[in-house]
Amino acid sequence: MADRVLVIGSGGREHALAWKLAQSPHVKQVFVAPGNAGTANSGKISNSAVSVSNHAALAQFCRDQEIRLVVVGPEVPLAAGIVDDLTAAGVRCFGPTARAAQLESSKSFTKSFLDRHGIPTARWKSFTDPKAACSFINSANFPALVVKASGLAAGKGVIVASNKEEACKAVNDIMQDKTFGTAGETVVVEELLEGEEVSCLCFTDGVTIAPMPPAQDHKRLKDGDEGPNTGGMGAYSPAPQISKDLLLKIRETVLQKTLDGMRKEGIPYLGVLYAGLMLTKDGPKVLEFNCRFGDPECQVILPLLKSDLYEVMQAVINKKLSSSMPIWYEDSAAVTVVMASEGYPGTYPKGLEITGLSKAKELGLEVFHAGTALKDGKVVTNGGRVLTVTAIKEDLMTALQEANKGVAAINFKGSIYRKDIGYRAIAFLSQSRGLTYKNSGVDIAAGNILVQKIKPLAAATSRSGCNAELGGFAGLFDLKAAGYKDPILVSGTDGVGTKLKIAQVCKKHDTIGQDLVAMCVNDILAQGAEPLFFLDYFACGKLDVEVAQGVIAGIAEACQKAGCALLGGETAEMPGMYPPGEYDLAGFAVGAVERGQMLPQLERIADGDVVIGVASSGVHSNGYSLVRRIVEKSSLDFSSQVGVSGDQTLGDLLLTPTKIYSKTLLPVLRSGHVKAYAHITGGGLLENIPRVLPDSFGVVLDALSWKIPEIFCWLHKEGNLSEEEMARTFNCGIGAVLVVQKELAQQVLKDVQKHEAAWLIGKVVPLQKGSAHVKVHNLLQALQANRSLSVHSHIQGKIQTNKVKVAVLISGTGTNLEALINSTKKPTSFAEIVLVVSNKAGVEGLRKAERAGIPTRVIDHKQYGSRTEFDSAVDRVLEEFSVELICLAGFMRILSGPFVKKWEGKILNIHPSLLPSFKGANAHKLVLEAGVRVTGCTVHFVAEEVDAGAIIFQEAVPVKIGDTVETLSERVKEAEHRAFPAALQLVASGAVQVGEAGKICWK
């Protein structure tokens, strides 16, 4: 049976949505509210006069009309919670919740979110004070010329200034002259990026994303991108500037990362996500997010959709998008041209007759109405952007020509439109018709850019014997200049292994270079050699300059730590050899040792010699195939928070770089006191120590003599590994061992301990026939002992308990709110503020929350007939945000009995006296009248009787001679700012609960 659908909105986007939905065999009728002339009585499509701002009335309309799907076009209803309210009323609605829609409705929230999740964007800062904003513009070390109203401003709240004076004027226009009203109470000032702007949209069910063909909008009013900024004068799709590889990168580094980040923050995002991007020389960077289809992008993207839009949207709502991925027409291009009223984007006339619409249709074009209306049976203008003419052809040039023919056929007085929509794409295509090396996948220009970026990094590693200058055919090293008399050259080569896989998954490329250098230079130390120079090999399928620069910067920094020069290297771009986003590394180190100082000195090693163990920094660079398998089988992933303060991920911990020992151990090795040095690398303790021993000797080690890092304890437990497997695969906390004479052991140990953690861990013993070269005693006990060293184990069990989600209810300035925000931002906090609710609009507390990137909702108590109705509205929002605790911070409403009962033991309030004394609203006045010498504040659970709940925390404040209500109030407020966060921490941690009979229960 076919369904009815309701589309919310009145523009060209909504006409296009209705047009596409009406093509579905599952749909029998499409209502558009309020709609326009194009959606009035057009086949399956008709307009509705239902109020879209009254969500209760809208929900009733949907029930009465048996609406099976509501599709929200514009951003304002999304920010107002239309999806939340309709969904709560049992109406299926396509689009994000109000909380998720903050990605568009609060630019301050969005920029903070992007920074939190490492998604590339312009440098920025938000302000509520215009003077501070202008000071930032004038002092920033980058062009801070983009000024944005943080809130919704109908797509016009962004000013791109040409100089600092213009930027400051924009700030004052927005904040003082209220150009965009309340949307400009907070402004974001950000870096002016250079590049080409594109739009990348996707469908998403919160987990899976389905990218749409990339598009490009044209914001300026006139040809050649001249004139004022508008809501958009035309668009085209697909944008050929975005290659398949680049689109894949955008999908992974922007779209998927955004959805994953929202989900991790407890804000699942469903609907359409629109990323406005700048294609900079450093890669794509996010300019903005929209939480719906763009207008006019929608009018060029939907005509390219081969699939049933109704089915796709239902799959999104059902969270089954992966089983209903949309299919797009491959060999087609779409161009849409906007026709606007004379005077737009300023004031413009209305009611002008539009003719020629049927001629455009006869040309095979789609005309999507926007600012149109019906008057006396005629179509007339009723807005700034009046309509869009869309052509779908086999290529962009033809589509633009056809769209312009349609525009020429349509007429209304004073119409304005652009004739150059898609000019950037046409220029791009005309430059890239011939087959090139770059077309084949090798970008020589990108390689040259990389060389220029890394030249100064290599130059910084210069040392005696060579100047590290890249770009030649080979590098030179002068041993005599380095101070050598009779040297032996020593070389070593190595890679990083599958630790690279973790770096690539975590997109952390800045430390893997140290692993590469360490693996090579630590090896040649086994011959007693000083590392002189290093060469690297970086191989990939597609060169990402930013990634490669990060890796090589890490290599250069590591060379400085090792004391060797980065003399050269090879960057190999080989299309088809590696999957997108993957690369491989290899390194080659050359060192030297004077002929008489070479190691190991096998003939000197004797029974009773002592083994000194030098601490590793962690797993180093071996055993990662096993590590990855253990993580896959565990309950954790690489993004799981670990550490005492939860400020590190498991991926970060596993990517701790390998220690470089050359500078710290070389003086000891040259002292003549060390008989052998072994680098504990692949093969662990069992395989590496025998490499520097005579065949007739082995070693016995005591694992209880050194500290084993807890990462090994976790791997042992989680992987159910045997002692032998641990010792044969991992370094178990020992990165290198030295063999020294027993009588010199303490002296050598002290010398090593000046720079590294080290222990006496064993001794050399004669090897019995058939015996193992290395025996490690007490390894199991050491692993178990170290695993229980601390309650706050780095890796044990559930590494960091999930923070309790808190809502703060306010009515005013939010001074206590600010204290709560500051305390919950600390890594040690057990609480996280996920929502601030005010019963009054425009109060300072809301602005404080927005600056902190915390979602806000205004629920005006005056709009409800009773306390119970108001509390029910609050309760629905709390459930939407999965709130677990409530803090009342200057909330000037008495909560109803049913609400208090539902949230019993979950609501905290603060009172400005030491309860049970001086209850009520005038506590300070009562204190002064009573003549008491001590007052204070009390944090308590809320009960039905005012100020009568169980007391959690109190702080005393002296009453001074001459105190007034004002002076006493200020002193008590300071105590409140300490007491409220302390009480919240007690409750959120579970240390304090409400027990039987409403009494406090301490755990």
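Positions of Cβ are set from backbone N, Cα and C atoms, glycine also.
What Swiss-Prot records for this protein:
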- His911: active site, proton donor (ACT_SITE)
- Glu190, Glu191, Leu192, Leu193, Glu197, Arg220, Asn229: ATP binding site (BINDING)
- Glu288, Asn290: Mg(2+) binding site (BINDING)
- Gly814, Thr815, Asn816, Lys973, Glu974, Ala975, Glu976: N(1)-(5-phospho-beta-D-ribosyl)glycinamide binding site (BINDING)
- Arg867, Met892, Arg893, Ile894, Leu895, Asn909, Ala943, Glu944, Glu945, Val946, Asp947: (6R)-10-formyltetrahydrofolate binding site (BINDING)
- 216-225: compositional bias 'Basic and acidic residues' (COMPBIAS)
- 111-318: domain 'ATP-grasp' (DOMAIN)
- 214-235: region 'Disordered' (REGION)
- 434-805: region 'AIRS domain' (REGION)
- 806-1003: region 'GART domain' (REGION)
- Asp947: site 'Raises pKa of active site His' (SITE)
Item checked: For Glu288 (Mg(2+) binding site): DSSP state (helix, strand, coil) -> strand
Note to self: If you count CB neighbours within 10 Å, which one among the binding-site residues Asn229, Asn290 has the smallest count?
What the structure shows: Asn229
Item checked: Cβ neighbour count (within 10 Å, all chains shown) around the residue listed as 'active site, proton donor' -> 24
Note to self: In the three-state scheme derived from DSSP, which category covers Gly814 (N(1)-(5-phospho-beta-D-ribosyl)glycinamide binding site)?
What the structure shows: coil
Margin query: Below 8 Å Cβ to Cβ and six or more residues apart, same chain only. Which residues does that give for Leu193 (ATP binding site)?
Written below: Ala122, Met278, Thr280, Lys285, Leu287
Note to self: Quick check on the region 'Disordered' (214-235): DSSP residue counts for helix, strand, coil, in that order please.
What the structure shows: 0 helix, 12 strand, 10 coil
Notebook entry, point to check: Given the binding-site residues Thr815, Asn816, which one is most crowded in terms of C-beta atoms within 10 angstroms?
Noted result: Asn816
Check: Per DSSP, to which secondary structure element type does Glu190 (ATP binding site) belong, with helix, strand and coil as the options?
Finding: strand
Note to self: At a 10 Å cut-off from the C-beta of Glu288 (Mg(2+) binding site), count the other C-beta atoms across all protein chains.
What the structure shows: 20
Item checked: Distance check against His911 (active site, proton donor) for the binding-site residues Asn229, Asp947, Glu976, keeping those with Cα within 10 Å -> Asp947, Glu976
Next item on the list: Could you say which of the binding-site residues Asp947, Glu974 has its Cβ with the most other Cβ atoms inside 10 Å?
Entry: Asp947
Notebook entry, point to check: At the level of the C-alpha atoms, what whole-angstrom distance separates Glu191 (ATP binding site) and Asn816 (N(1)-(5-phospho-beta-D-ribosyl)glycinamide binding site)?
Noted result: 33
